[in-house]
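As recorded in TrEMBL, the features of this protein are as follows:
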- 7-28: transmembrane segment (TRANSMEM)
- 12-334: domain 'Acyltransferase 3' (DOMAIN)
- 40-58: transmembrane segment (TRANSMEM)
- 78-96: transmembrane segment (TRANSMEM)
- 116-147: transmembrane segment (TRANSMEM)
- 154-173: transmembrane segment (TRANSMEM)
- 185-209: transmembrane segment (TRANSMEM)
- 221-238: transmembrane segment (TRANSMEM)
- 250-268: transmembrane segment (TRANSMEM)
- 280-299: transmembrane segment (TRANSMEM)
- 319-337: transmembrane segment (TRANSMEM)
Amino acid sequence: MGKTKNITYELLDLIKFIAAICVVGIHTFPHDGTGNDIRIFFRFSVPLFFIISSYLLFSKLTYTDKKKDYFVIKRYSLRILTMYLCWLIFYSPYIINRLESIINQPDLFKNGLILLYSLVLGYVPSIGVSWFLMAIVLGVIVTYYVAMYLSDKFLIILGILSFGIGLATSTYGKWYFALTFIHKIPLATSVPFSLVSTICYIIIGYFLVKYNRFGRTFSNFTMIILSLLFSILGYLEVKFAQSLDFYYDSQNFIFLPFIAVCIFLFIINNPQIKIPYATFFRKASIIIYLAQNPIKFILFKFGQTNQIDLLSTDNVTVYITQCCLLLFISYLIIELSKYNQLRLLRKLS
C-alpha cells in the first residue's frame with residue numbers, strides 16, 4: 001500500500017490501478033477522433049505515476065543525514081532495477097527477435113550497440129513502456145542531488161526545462177520530428193518523452209513533500225472541481241493545438257501537471273478511506289503497466305492468424321480483452337508469488 005511514515009493511503013493504490021488501466025487505453029484505443037479525444041483525458045495517468053513514486057520516496061528522506069538518504073535511494077533504485085531485469089526475462093522473445101534481425105543486418109556492431117543502448121535506457125524493442133522504470137531512477141537521483149548540492153531554485157528551473165522539452169516535442173512538437181537528422185540519431189525521437197520530459201513530475205513530487213501543508217488548504221470538493229476544470233481546459237488546449245501546423249500528439253500539454261497534482265492532492269488528503277483489495281490494486285497496477293504491450297501483440301497475432309479483424313488492430317474490443325487478460329495475469333502472478341519456490345515473481349511488482 002502507498003505509505004509515508006505512519007500514514008497509509010489505500011486510495012492511492014486504487015487510483016494507481018485506474019491510472020494503469022488508462023495507460024493501456026492510451027496505447028490501445030483506436031486512432032480516430034473519439035479514440036484520440038479519450039486519450040487526452042487519460043493522459044493524467046503517466047504524470048500521476050511519477051508524482052506518486054516521487055512523493056512516496058522523498059517522504060522517507062531526511063535531507064540532513066546524507067548517508068541514510070544515500071542508503072534509501074540506493075535501495076529504492078536497486079529495487080526498481082531488479083524489477084526491470086526481471087521484466088527483461090518476460091520481454092526476452094522480443095529481445096531475441098531483435099537480435100536475430102541484427103545478425104542478419106550488415107552493420108552488426110553498430111546495431112548491437114544501439115540495442116544495448118536502448119536496453120540501458122529502458123527501451124525494450126517493440127515494448128516501449130519499460131522506460132518508465134529507468135526514468136524514475138534517473139529522475140529521483142537527479143532531483144535529490146540537485147536539491148542537496150545546488151538549490152530549490154535551480155530545481156525549479158530544471159523542472160521548467162524538462163516540462164518545456166515535453167511540450168516542444170509533443171503537443172507543440174511537429175517541427176521536432178520534421179528535422180531529418182533527428183531520425184538518424186538512435187532513440188532521439190523517444191528520449192525527450194521519457195527520460196527528460198518526466199523529470200519535472202519527479203520534481204513536483206519532491207516539492208509536494210517539502211510543502212505538504214499546501215495541499216491540505218483545499219477541500220475534497222475543490223480538488224474534484226479543479227481536476228474536472230483542468231481536464232476540460234486541457235482538452236480545449238489540445239483541440240486548439242490540433243488546429244496549428246506544429247501539433248504532433250497530446251502526450252504533454254500545459255494543463256496536464258495541474259490535473260495530475262489535483263488528483264494526487266485529493267488522494268493524500270483522504271488517508272482515512274479504506275479500499276478492499278488495496279494490496280492487489282497496488283501490485284496489479286505495475287504488472288498491468290509493464291505487461292500491456294506483450295499481451296496486446298499476442299492478441300494481434302491471434303487475430304491476424306485467425307483472420308479476426310477486431311483483434312488485429314487498436315480498438316475498443318482489443319482494449320477490453322487486453323484489460324481482462326491483464327487482470328487475470330496480475331492475479332496469477334500475485335498468487336503464485338506467495339509460494340517461496342516462485343518468490344522471484346514478487347520482483348515483478
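Glycine too: its Cβ is placed from the backbone N, Cα and C atoms.
These figures come from a predicted structure and were not determined experimentally.
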#### Entry: Integer mean pLDDT for the domain 'Acyltransferase 3' (12-334)
91
### Query
In terms of Cβ proximity under 8 Å, which residues at least six beyond the ends of the transmembrane segment (280-299) contact it?
1-2, 13-14, 16-17, 19-21, 23-24, 27-28, 49, 83, 87, 90-91, 94, 126-130, 132-133, 311, 318, 321-323, 325-327, 329-331, 333-334, 348-349
### Contacting positions for the transmembrane segment (250-268) when only residues 6+ beyond its ends and CB under 8 Å are counted
2, 9, 11-12, 15, 36, 39-40, 43-44, 47-48, 51-52, 55, 163, 166-167, 169-171, 193, 197, 200-201, 204, 208, 212, 215, 218, 220, 223-224, 226-227, 230-231, 233-234, 237-238, 241
### Query
For the transmembrane segment (319-337), what are the same-chain contacts with Cβ under 8 Å, counting residues 6+ beyond its ends?
21, 24-25, 28-29, 280, 283-284, 287-288, 291-292, 295-296, 299, 311, 343, 345-346, 348-349
### Long-range Cβ neighbours of the transmembrane segment (154-173) (under 8 Å; 6 or more residues past either end)
142-143, 146-147, 192-193, 196-200, 203-204, 206, 237-238, 241, 244, 246-254, 257
